[in-house]
Each structure stands twice: as C-alpha cells, then as structure tokens.
Amino acid sequence: MDPTDLSFSPDEINKLIETGLNTVEYFTSQQVTGTSSLGKNTIPPGVTGLLTNAAEAKIQESTNHQKGSVGGGAKPKKPRPKIAIVPADDKTVPGKPIPNPLLGLDSTPSTQTVLDLSGKTLPSGSYKGVKLAKFGKENLMTRFIEEPRENPIATSSPIDFKRGAGIPAGSIEGSTQSDGWEMKSRSLSGAIHPVLQSPLQQGDLNALVTSVQSLALNVNEILNTVRNLDSRMNQLETKVDRILSSQSLIQTIKNDIVGLKAGMATLEGMITTVKIMDPGVPSNVTVEDVRKTLSNHAVVVPESFNDSFLTQSEDVISLDELARPTATSVKKIVRKVPPQKDLTGLKITLEQLAKDCISKPKMREEYLLKINQASSEAQLIDLKKAIIRSAI
C-alpha cells in the first residue's frame with residue numbers, strides 16, 4: 001500500500017504539530033553561551049532562518065522578563081508562531097525530495113494555507129502523506145539533519161516533550177554531518193554573516209592515504225640523513241673558516257719569499273763585483289822576471305829595510321848617520337829559504353773546494369792529483385786560484 005494514499009485527521013495533524021513545536025521550544029529555551037552560539041557557523045545550513053528568529057525571540061523574551069521583574073508586572077504569554085502548511089498535491093512524483101515543513105519554503109511554486117495554532121479550528125488539507133510527517137518529525141528529533149535514517153522513530157508512540165524537561169536516554173541519536181540547504185537566511189540581524197571564500201587556491205598535489213603507512217616507516221631514516229648532512233655541512237664550514245683564517249699567513253710567506261729573492265739578487269751582484277775587482281794572476285811569471293822587465297830607478301828607504309829583495313852588483317844609496325845619501329856596497333845576497341810549513345790543512349781545504357766547485361769529474365780528478373803532488377805553499381795557492389777560475 002502506498003503511504004502517500006493515507007490521510008490524517010485534524011486531531012492527528014494537531015498532535016504532530018504540537019510535538020514539533022514543543023521540540024523547537026525546548027532547544028530554543030536553553031541558555032545561550034559563548035560555546036553554543038547560534039551564529040551561522042554553528043547552525044546547520046537549511047534551518048538558519050528558523051533558529052535565528054527563535055534566538056531573537058528568546059533574547060527579546062529575556063529582555064521583557066527583566067523589565068517586567070523590575071516593574072512588578074506579570075509576563076504576558078507570547079502567542080505561538082504561525083506555520084505554513086502546503087496543501088496536498090495529487091500529482092506528487094514518487095521519490096521526489098520532500099522539503100522541510102518547518103521552513104515553509106519550497107523551490108517550486110505552490111499555494112500555502114496559514115494555520116493559527118491559537119484557535120481550535122483547522123483548515124482542510126493535509127501533509128503529503130505519512131512520509132512527509134515522518135520526515136518532519138525526524139528532522140525535529142535530529143536537530144534538522146537531512147541525512148536519512150535507517151531506523152526512524154515509530155510514529156505510533158511519540159515522545160511527550162515538555163519545556164525544561166530532560167531528554168530520555170536513547171531518544172536522540174548522535175549527530176552526523178549534514179550537507180545543508182543551499183538557501184540563504186532572510187534575517188540579517190542576530191546572525192553572523194556568511195564568511196567569504198578564501199581567494200587562495202589549493203595546490204594540485206594530493207597525497208594518497210593508502211601510501212601514508214608505508215611512507216611513515218622512512219621518516220626516521222630521512223631525519224637521520226638530514227642530520228648527517230647538517231653535521232657534514234658544519235664540518236665543511238669549519239674547514240673553510242680555517243682556510244680563510246690561514247690566508248693571511250700565506251700572504252706573509254709570499255712576502256718573505258719576495259724578500260729572499262731580492263736578497264739573493266743583491267748577493268749575486270756583490271759576488272760579481274768581487275770577481276771584477278780580483279782578476280787574478282794572468283800567467284805563471286815569477287816576481288823576479290817582473291823585476292827584470294822594469295827599468296832601473298832610485299828607491300829611497302828611510303828606515304831599516306830588508307835586503308832580501310836586492311840582487312847582486314846593484315848600487316844602493318843609503319843615508320848615513322847624518323842623513324846624508326851615500327853609496328853603499330852591497331854584499332852578495334843570499335836568499336833566505338823560509339822554513340817548511342805544514343801543508344796538510346791547506347791541501348784538505350783545496351780538495352774540498354775542488355769537489356764543491358768543479359762539476360766535471362775528469363777535471364776534478366786532475367786538480368785533486370795536483371793538490372796531492374804539491375810540495376810548497378805557492379803551488380797550493382796557484383792551484384786555489386785555478387780552481388776558483390774554473391768554477392766561474
């Protein structure tokens with residue numbers, strides 16, 4: 001049997017409406033606190049207009065009560081609001097969504113009849129069958145949640161709600177999420193205006209919930225890797241700081257090297273000057289041969305002199321006791337032979353000099369042989385000069 005074919009008597013309709021109004025008045029009579037505000041952000045969409053009006057009426061009633069208590073007057077009883085009832089329509093399509101009967105608003109145009117609850121007479125007409133009545137009552141019991149319920153409360157035994165009375169256990173199920181009605185509130189006072197949508201766009205990257213569990217196992221490894229990288233970066237920064245701090249020392253070393261090069265150049269110049277000033281003996285000519293080549297000339301010796309350099313048959317003019325020049329016959333000069341000196345130290349010195357200054361092995365061996373065969377100091381001196389010239 002189709003439930004839409006059933007009809008209700010005026011008494012049953014009045015009883016249903018009375019039950020719904022008692023429910024609404026019960027919720028609107030509760031004390032409004034900061035956490036249970038009736039703003040638009042806490043009221044489910046679709047019933048904002050009704051609850052806002054109820055909140056405003058509650059505030060007005062509280063204000064009138066305070067004024068009446070001060071003046072000592074009795075509080076007048078507020079008449080119940082009028083509810084719009086939509087007449088039954090025989091052309092109802094099965095499966096069509098049924099609007100909320102408390103709002104009195106329908107997206108499709110229809111005629112409405114005003115029901116005055118203060119009177120006892122009821123106009124003709126009924127809700128759209130028992131399905132509409134069940135829908136309205138379920139919305140009242142679940143705080144106007146539009147999600148369909150699998151086990152609705154039986155209409156044969158309605159619960160008697162009273163103002164200020166406690167709610168029996170199990171009479172109201174837990175609230176669930178509601179998509180709300182796409183309908184704006186007609187009341188602008190006493191309600192929070194709707195919040196504008198943020199212009200920020202959400203990112204296109206999405207994360208799958210199924211991969212979270214597997215990826216969570218890698219979090220510790222990733223964190224350890226990041227910590228290791230951080231420590232290595234700190235070590236690198238420390239090493240770079242040390243290198244930068246030693247840059248000044250490197251510059252000092254470079255300056256010292258430049259100074260050493262300048263000193264070496266100075267020494268080379270001085271050595272070259274010494275070589276120029278000491279040309280050495282051009283040949284092996286003895287002093288006696290040099291004296292023979294010189295012309296005869298007078299030599300004045302004012303003091304006592306050594307006649308070892310004089311030769312035989314040469315006239316010498318000398319001064320007598322009165323400082324008069326007189327000719328002096330010179331006896332035959334016997335050249336004095338100086339005592340033999342120890343040449344071992346000088347030979348060792350010349351051998352070391354030949355090893356250090358002469359790079360050619362053959363020439364070095366010749367000089368070493370001559371040094372060992374030398375028997376006089378003069379020969380060793382000549383070898384010394386020859387070694388120095390060969391080194392240059």
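Using the three backbone atoms N, Cα and C, a Cβ is placed for every residue, glycine included.
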Which one of these stretches, 79-106, 135-162, 219-246, 303-330, shows up in Swiss-Prot as coiled coil? 219-246
For a three-state summary based on DSSP, what are the helix, strand and coil counts in the region 'Multimerization' (217-280)? 58 helix, 0 strand, 6 coil
